[in-house]
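Presented below is the structure to which this report refers.
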Amino acid sequence: MVKINASAITYTKGGEISKILSGTGFSIDTETLGPKQVVIQALATPINPSDLNQLAGTYASKPNFTSELDTPVPVAIGGNEGLYKVIEVGSDVTSYKNGDWVIPKMPSFGTWRTHALVTLDKPENPDPFIKVSSEDDKSIDLTQAATVSINPSTAYQLIDQFIKDWDPKGNDWIIQNGGNSQVGKFVVQIAKIRNIKTISVIRDGKPDQDQIVKELLDLGATKVITDKEAESEEYINKIVPGWVNEGKVILALNCVCGKSGSALVSHLTGNHLADYRSPHLVTYGGMSGQPLMYSSSESLFKNVTSKAYWLTANTKRNPQSKVDTVKKVLALYKSGDIKPVPFNGKEFNIKSTSDDYIKLFLKGIAESKTGKQVIVYN
């Protein structure tokens, strides 16, 4: 192997996605590979909502710009999540070998590219990858490895980070909106393993509502209700308390805000006078675009602790936490305790042109509202 013709999805500034993205061709000369360099080839690159926010210029984590693609001006490469195979290693590289499957450890790697030339042992990021498998290891498949970095890792940390004293007898509950999201589907699976009961809130009026409810129950949700039900006095004062009984709704996971987020607080169980355990409201998204408001009496008398969660911030603050979380999620896959959430795969021939590449990505972005899109390379 001497020269690799590669493609990347690039942009020079944030804005309207269909107008700012380009398909950029570039090449990698493996004959000049440095002793501490590796070449990786894409196996799968997801399209996530955070990627689109970053492209639009509305995301707090900014992209990295590079001149390594020989473009007239520095460009950013889209994407924060991706699975790659190591195909070339430098003479001094001992931590990776050809055939290893790796994912970027840090955000803003720029995953939407067919290949990358990466230098190891940089002071700012000495080991940029997490090894998740290899082509001769059949215990983890591509479907599991391709999306392990964000959604299941977020779900794992949401359950693990805020409540440290889960009731071992199974009397604790989680209530979450966005129940049909990728994160929501992993939350119910991981919670079930830990003997934590869950109430998943989904949007009312979806045509496939019965199918969604069945899927969530099959994954391990204890109860599934609609947002209208969650906001109703009957569910707040009678139905949900009847389910919970002597237990406690100790954690509310909010990715919607607005009325949906406010309703979660109403379902939290807390007594500031008698209970040392503070129920937690954790916000990790705001899909409604509306503010999160709830009454001062609920905050005071229930002793509600409100926290924000962001996987990107956790990873930047403590990169090892990302490594540890990914390894724990992979262990759950290997044991069969959790299963991957299906995504919509779009196949791309890695030898195709950069024009074909950008067309496929724009199609995937346009269809991302119908479910998670992942570019799968062959």
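For all residues, glycine too, the Cβ spot is worked out from N, Cα and C.
Quick look at what Swiss-Prot annotates:
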type     : residues                                           : note
ACT_SITE : TYR59                                              : active site, proton donor
BINDING  : ASN151, 180-183, 203-206, 284-287, 309-311, LYS372 : NADP(+) binding site
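Annotation for ASN151 (NADP(+) binding site): spatial neighbours GLN182, VAL183, PHE186, VAL341, LYS372, criterion Cβ-Cβ under 8 Å with sequence separation of six or more. Under DSSP, ASP204 (NADP(+) binding site) is assigned to coil, being neither helix nor strand in the three-state scheme. Each residue contributes its Cα atom, and for the residue listed as 'active site, proton donor' and LEU311 (NADP(+) binding site) those atoms are 13 Å apart. Each of the binding-site residues MET287, LEU311 was assessed for Cβ neighbours inside 10 Å, and the highest tally belongs to LEU311.
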